[in-house]
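One structure below.
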């Protein structure tokens, strides 16, 4: 017996998507080729534009072999040589480059011994400079600094000047007073001191009729040794006084010692420049005018004393100020 109320089930209605989405089709990897490739790591997905293994810079690897690049390199070398020759020709008008190299011909042992001599000149002997001897037995040119401790050099003065500039700016920075303008101010002050000092020496040598070929470079070298004593004074006074400058008993004591040491060093070293002796047998760069007796020698001694003590005292005091 079948019930009439139960017939066929109503049809099912499935939801229809309103937005149709497309599924990307995956492609199979490309087939392997039979051609061997250097550096192939077995992965089918290789970066496009990969440089060959023989040239790590890609398309720029052959830049050196490019004729235009070689032409530009030759042009640059030619321009550099011409510029160097032009610079040497113009510099030689004022300063001889070969003579300037003489003052930088130093060694480590010379620098250490020279610094010791500048700070402790009390018992040093002799002070005369050494000269080369020709086959005929006559004296010739002065030996370079590396072979003669009494020879002036420019390595120590230049390095002392640079050290002085950085030391003063460092102390200003530790005090919280550093400014970028300090470099220019300190460097300008030091250079002005050296220039004024050299001009005064040249004027005194002209008035006293003292001349020789290497006099200017010698005076420049000797004018820079004061920075050694100034650096020692500033360093010791700054450490002992706790950052209060070069004042106080310790500061003035160190300043007095370095000043007298520098003055004695200049008095003994500059005698061959400011007090030349008339030696007709000597042949070399130190050819001076004939002396005019004791009066002229007395004037030169007074000038040397004034420069070594009065002038150095004034300039070292200016440089030692904070």
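If you go along the chain as it appears here, the first residue is 1 and each next one adds 1.
Cβ coordinates are placed from backbone N, Cα and C, and glycine is handled just like the others.
Per TrEMBL, the stretch carrying the note transmembrane segment among 154-176, 269-291 is 154-176.
Residues 161, 164-165, 168-169, 172, 216, 219-220, 223-224, 227, 274, 303, 307, 311, 315, 318-319 of the same chain, all 6+ positions outside the transmembrane segment (182-204), place their C-beta atoms under 8 angstroms from a C-beta of that stretch.
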